[in-house]
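*Asks:* What TrEMBL lists as domain 'PA' is 104-182. Under the heading transmembrane segment, TrEMBL lists 209-228, 261-281, 287-316, 328-352, 358-378, 385-403, 440-464, 476-495, 501-521.
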Amino acid sequence: MQRGEIEKQSKRRIRMEWQKLCLVVIFVSLACQPLFVAAGDIVHDDDSAPKKPGCENDFVLVKVQTWVNGIEDAEFVGVGARFGTTIVSKEKNANQTRLALSDPRDCCSSPKTKLTGDVIMVDRGHCKFTTKANNAETAGASAILIINNQKELYKMVCEPDETDLDIHIPAIMLPQDAGTSLERMLMNHSSVKVQLYSPRRPLVDIAEVFLWMMAVGTILCASFWSAWSAREAVIEQEKLLKDADDIPDAKVQGDGGIVDINTTSAVLFVVIASCFLIMLYKLMSYWFVELLVVLFCIGGVEGLQTCLVALLSRWFKRTGELYIKVPFFGAVSYLTLAVAPFCIAFAVVWAVYRTVSFAWIGQDVLGIALIITVLQIVRVPNLKVGTVLLGCAFLYDIFWVFISKKLFNESVMIVVARGDRSGEDGIPMLLKIPRMFDPWGGYSIIGFGDILLPGLVVTFALRYDFLANKSLRSGYFLWAMFAYGMGLLVTYVALNLMDGHGQPALLYIVPFTLGTLITLAKKRGDLKNLWTQREPERPCPHVRLHHSQQNE
């Protein structure tokens, strides 16, 4: 019976070694993904030209609703210019106005036909934006739509030396594909009307609250599971030590399937992550996003399967303890074989239908399961390694969100996260929730790294508390969890103050989390234990008895 128990533990370790190999590879890929929080649409920065009288409007997104022959048709999104009159914010106050095509197309000279309050559509190029707007206003246009020469939005500003800024019509920039659609409408139909308005975004969307709860809840679940696993490991170790005394030549092994990060690997993280991010930035395309989807599905299947097996084994203990040898995978429990088809089907269905409106649910389920599982496999042994890891990630986050703009003329991390030039709606390594009360729609998102990396330190705090026999009140986990939640909350406050521009979440999370833990440990005189020593080990009665017998 005792030999059978050891054989069962050996089979379990074979399975854990395979799981460890897969998830360590996935962890490296995920940890290199963009680490930032974002919400809503992001347009190109062009704030270098200072505001001045006649050119001091705030940049706002503008809805352009169309009617073709009296029937409501497509809606497009543009961005208002720094100059011209402001655009009404309520739809009921916006008039339906006939759309006309400029002649000449660039409107760099006065249009050949008089416009009686029409909205004129012109092409970008050959002259200043303000020149186009002045010519359109002189011809009698009520507004001007300037079509960009790229499939992106661009903020229209005034040149530093411009003086002719007394413009009394609104000017809106539309992307190239919107201009193509509008021109097709004008060519194929006799009557095309547009309605221009700019609804205001709510200060805080409920999606950000739910995303905050998801991030905090994920770390909370992972931490308690990690502590529970540590308790199970102590019990298992005691059993194996006892069996080793009873069975000749029996070998006792430590925890299987666990990867401890050391200081060197923590430092190398920022180098590997930067190289991987540059590769994503340079190779970003449709096929590359498809490759990331496949990688995410593999990790999601493994994570979801691990979580479900751990949960169901509470009720189906016998099935979870029976193993069968599977080629390439080694020893696999019957419970794992029963759960695997569901997990694979779930990931495949999400991959096929990931562009539909409700696909974010499947992405979040797979992502949360994967993060929780990775936090069981990859661990930091002490606060020193955790500080080095988060410190490197802190610098990495700030550099690729802010400083990379000066080197690449755009934020590399934001471009990669949005999936620009890929034809896809961003990379899959994100948790996201649709903005429920935002008239502009879009998603609130958070990168996996913003949960994984701080989560390593938070889970370490709970394991330390458990193994050091500290209660929640006298330990460090409760404070670490609170600090992470506050850091993420401040991130969302900064996000809203910055008008939806992507924010490096670790810029706020790292100082809160590490600052709280280090300050508290120093105050309690426990900093040395957390900083340099590995997690404390609970004394095993069998070990004490064995040593006392040897001494006798």
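In case you wondered, yes, glycine gets a Cβ from its N, Cα and C as well.
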*Asks:* Check for me, if you would, whether the transmembrane segment (358-378) reaches the transmembrane segment (328-352) - at least 3 Cβ pairs under 8 Å, residues 6 or more apart in sequence.
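*Replies:* Result for the transmembrane segment (358-378) with the transmembrane segment (328-352) is yes.
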*Asks:* Among 209-228, 328-352, 501-521, point out the range having the most Cβ pairs under 8 angstroms from the transmembrane segment (440-464).
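*Replies:* The listed stretch sharing the most Cβ pairs with the transmembrane segment (440-464) is 209-228.
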*Asks:* Report the listed stretch (328-352, 385-403, 476-495, 501-521) having the maximum count of Cβ pairs within less than 8 Å of the transmembrane segment (209-228).
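*Replies:* Maximum Cβ contact count belongs to 476-495.
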*Asks:* Mind checking which residues reach the transmembrane segment (476-495)? Cβ under 8 Å, same chain, six or more beyond either end.
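*Replies:* Those are 37-39, 204, 208, 212, 215-216, 219-220, 223, 450, 454, 457-458, 461-462, 464-465, 470, 501-503, 505, 507-513, 515-517, 520-521, 530, in sequence order.
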*Asks:* In the domain 'PA' (104-182), how many residues does DSSP put in helix, strand and coil?
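*Replies:* Going through the domain 'PA' (104-182) residue by residue, I get 17 helix, 14 strand, 48 coil.
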